[in-house]
């Protein structure tokens, strides 16, 4: 999924405000596209907290009636310095990228695309999809791997019992005795879907050096006893040996976690870099390679695409001021 805001905010990703208790982050509505846009709830990044571990972007969409909104129709667009995670609850999406990967995203199945130094892809609702519902997640790549080659993985995790009345599907990292084999190129990361029956409570042994975010995907939950309403994000700082998630009425939860990233990075539109000049160069090269601007590119970064696909998205204009870290 692309960040299709016409004036994307400059997000400087750095350690968030110090927090010793569960912090509740409210979503903001982001309509993607035109007047029939599919509505999205975005809980990360926020001004107060930009990162949870390496996770830097959380979009939650649906349940969406495709007959009314047209579903997901995101033409070819770029990414650098990050990985995208597509995870669905209903509906199907067709993925195509410039590394030659074509895949169908289905509920309960992970599609992981590591952009590395640069990639382009498109995501379009499958023709038979009637209701689309899922999350799109990004995590930042550290300096050691952000210029690596592209990588794509499709993985189907098993649902495991996590507690009485609770199951887990671990798509990245490890939790409750289940471990995902996918290559992330970012160490110490967790991504899982939890399903809690009414009245269920699940307590997990966790690493003290991890911070966590629990998205209340359906229904209200409690994170270590703190209420987190539907679509809100409950942030848990480092320093705990256990993590408890419960729901009186039953809920589905996306649980993310990781060691604090420890690197300051700048995210603008669909690019992650380290400073203004790097982001500006990514934009210039993308615009040139897609034919939007006349600059010559000696070493193409964003690959080629099969013929007959929708036209790529143009990049928004850069802000007048230089992209720089906030004070």
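The backbone N, Cα and C atoms fix where each Cβ goes, and this holds for glycine too.
TrEMBL annotations: computationally assigned, not manually curated.
TrEMBL lists 77, 79, 121, 123 with the feature Fe cation binding site. When other Cβ atoms within 10 Å of the Cβ of residue 79 (Fe cation binding site) are tallied across all protein chains shown, the result is 26.
What TrEMBL lists as compositional bias 'Low complexity' is 318-327.
The domain 'Pirin N-terminal' annotation in TrEMBL covers 40-138. In terms of DSSP helix, strand and coil, the domain 'Pirin N-terminal' (40-138) has 4 helix, 64 strand, 31 coil.
Taken from TrEMBL, the feature domain 'Pirin C-terminal' covers 193-288.
The region 'Disordered' annotation in TrEMBL covers 308-327.
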- Item | binding-site residues: 77, 121 - member with fewest neighbouring CB atoms within 10 Å | 77
